[in-house]
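Attaching a single structure in structure tokens format; questions to follow.
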Amino acid sequence: MKILTLWSLFSTYLLASSLNIENHAAQFFSSGHTNNWAVLVCTSRFWFNYRHVANTLSVYRSVKRLGIPDSHIVLMLADDMACNHRNPKPATVFSHKNMELNVYGDDVEVDYRGYEVTVENFLRVLTGRLPPSTPRSKRLLSDDRSNILIYLTGHGGNGFLKFQDSEEISNVELADAFEQMWQKRRYNELLFIIDTCQGASMYERFYSPNLMALASSQVGEDSLSHQPDLAIGVHLMDRYTFYLLEFLEDIHPASKTNMNDLFKVCPKSQCVSTPGHRTDLFLRDPGSVLITDFFGSVRKVEITMETINLTDPIEQVEQSPVNGELQKERNSYVDQLPVSEIIHQKPKQRDWHPPDGFILGLWTLILLVFFKTLAFQETAVGSKPPYRVQ
Amino acid sequence: MTGSQEIRAPDLSLLTIQQDSQYDFLFYLNFICSQSASLIKIFLCSGMPVDWLVKTMQARGLEVFTQTFSRTLPFPDENKERYMVKGTNVYGILRAPRAPRTEALVLSAPCTQGDHNNQAVGLLLGLAQYFRNQIYWAKDIIFLINEHDLIGMQAWLEGYHHTNTTGMDWSPLQGRGGSIQAALSLELSSDVITSMDLVLEGLNGQLPNLDLANLFYAFCQKIGVLCTIQGKLQRNDWDSVSGYSHSVQTMMLMVMKQASGRPWGDHGLFLRYHIEAATIKGINSFRQYKTDTNTIGRLLEGMYRKLNNLLERLHQSYFFYLMPSLSHFVSIGYYMPAFGLLAVILLLRALDLWVQLASPPPGTEDGVVDTEQMWSPDVLSVLTPLVISHLTGVALYYLPIHFQKMALEHFPVSDTEAVVLTAIAVYTAGLALPHNTHRFVSGEGTEHGWRVLKLVAVLYLAVLLGCTALINFSLGFILALTLVPVAAFVTPHVPKVPSAFVLVILSPACTLLFSVFFFQELQEVPISFQDGWVLYLSVISQGILDHSLYGSLVYPLIALLVYPCWLLFWNILFWE
């Protein structure tokens, strides 16, 4: 009897777990991305822009530590700070004062260096339009299952980012580049972080889906640098990236921190500027997006002793809404360039508008002429006396 | 280590003092300075110890070179007691460890006989040793010790830049750095100081970029060293009358120094080559809080670190300014309108004369004949006084130097006095001209003639003052202040004796005499009339020497252009 109950329990357990495994498998294959890429760009040169290189290298360090390999990182540094003649500690780039943390390290791999960091090269990397002779390390070989992290830092303004003190990239160009990437299915989801003055202006014009953006300051605000080191003689990091680095140092490949925590990095009390973010183009809820979805390369591994039947179509797991509210309506793409207005085509009007001014004026003129002639005829007719006096 | 070393100012991004290696630096400095200073004291009695300097610099790892130069002055210089000058410059180049040799910085200390600058050379050698051990230099640093201060510096700069504008004889430089970005000249006579004085005025009134002065002042404040300009400490009470007059005095001192056109430190000669340079003088006055050589060394090390971090020449701030204090400046946009208003007086007077000339004179009945008579002697009547005045100016320029031998034969005076007194004699002889040149002037006595001459003279003066103010504002302004009123009001009809007196009082020579007394007053060292007169004569001789030695333009400007212009007005006064 006991054995029977035990055996029945065991069998029900197996059945339940097998059902669970099927569920797990469904969930396993329904996740969004399969690989991670990172494009990290520092756009300014000269010794006093040491902090921009340190910014980029600290994000590089975190990204590498969390698992993204060098073959999947495109690192663009516009100037060489580690071997600059003015560096009192050659071959190092520090992010904390008193030389606590050397973010240059021993195994940094810079893909685009010095004068190769230009707007053209950056856009070619993003869109994939590179000459056939470009080596693999300089290409962004992402596919439609890649999550890409793009980090830009340097000097910027309202709607532009300065490259190398001689050219600029505007927010419209950047948005168009991302749209090209979307149309070529070069990304699954994209996280865009920018640490410049008035950084929020750079993500204002995005219109492609699955983009999430963070910036260190709003339009009209300057991003400030963190602290100088008295021995090196320059400011080492910008505030936003400094606190971002501190935040990322606590992340490990298995951590479950999500994007909402990232949005809280560097509040105004620490950053002096107000960091901003944009999630309206992103289809998932930011609370369900893990940091490691973008900053790390986490391979999902599940170990099971069960056999799983994959011939059945995978059911999409209905994700219950977080707050229990109704499902939102479908997102529609923001119409960035209203082409119809540009080429003077009237869009289909849903509600009736009174006729155009010109047409109105033309009709009025015609009516006037008509009635004037009528009046004239009448007066002409009326001049002749209708009867003769006898 | 003496004195507190806390840093009070907010962090500057260019601040580069390395706190942990301070001890090494101080140790070096203490050792080296004490040794060097004492050794130099022994040697300096007999000229510059060239071999010892070469050996010491080589021991510190610099590339050492020397340059010999010689120059015979046109007449002996009584201030510095030299006539036939022969000397050697010694300079050592600290090569930047990792950088290409395209840019350089210069630290110089003039080595003069006696105790005048003995500490500076020791400090320079100590700094050379410290700098040699650092790896963050992106520019070569040239440590220059020049003999016979300005003459040696002129020889070195000419040799470095391959120019020869003053006819000096120098040996070519064997070693060279890149293009010089900035230079500092050091004058230190005591091993403890109370304040550091910043000297900015250079040759022909040229000034370094204001950023250099701001850099020095900000860093002095950070280190905690007192900093002065024109030898005066700045005060905090700007609103009170005494505070305001203090800053006006400081500014007037700068105006006087700039107007003299001479370089007030060795840095003054660098400015001509577009190298930003300043002289730092250590002043030891009767204060309780003294700063020792270690702090001065830290100050200079910090300055050089800042200049090292520069990526381009200093050009962002003003090149034309006046400083009432170290934290305030008056830019050209503020002071030029004042000069413009003075020049407008001359232009209005010229316009008035033009209108008078163009309209027919009252009281003539037969206009036709008179007009013919009016317009014909135009050119002749103006040309003669012009030519004669300029010939007098040329005489004032050439005669003093070239005829000093003749003067020496006839008068019992020294060489310098002969030159100066000849200059004054020619100047005074010019006053007698109007009475003698009337024979040659055909348009004499006409109302028309002097008007034309005055029109030409007024326009000439306006252009001259305008050009002078552009180059050396202080000189232009002082000349404008004294010459414009008389130029505007002088006619043959004003009372002769008083106006002649006023014209002479406001002539360039008397302006110079008054400026000498005024300058002494501003420096709070008032002098008696005899001493003032002797000082005046030495100022004239210095002006002539500066012109022949360094190319200062004040003496030729006054002699060849301003004095003839003034003579034209003198002619107008005595027109009939």
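Cβ coordinates are placed from backbone N, Cα and C, and glycine is handled just like the others.
Under the heading active site, TrEMBL lists A:HIS155. If you look up TrEMBL, you'll see A:CYS197 marked as active site, nucleophile. Here TrEMBL flags A:1-18 as signal peptide.
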Could you round the CA separation between A:HIS155 (active site) and the residue listed as 'active site, nucleophile' to a whole angstrom and send it over?
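It is 6 Å, counting Cα to Cα.
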What is the total of other Cβ atoms whose distance to the Cβ of A:CYS197 (active site, nucleophile) is within 10 Å?
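Other Cβ atoms found within 10 Å: 22.
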Using DSSP reduced to three states, classify A:HIS155 (active site) as helix, strand or coil.
strand
Within 10 angstroms of the C-beta of the residue listed as 'active site', what count of other C-beta atoms is obtained when all protein chains are considered?
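A count of 17.
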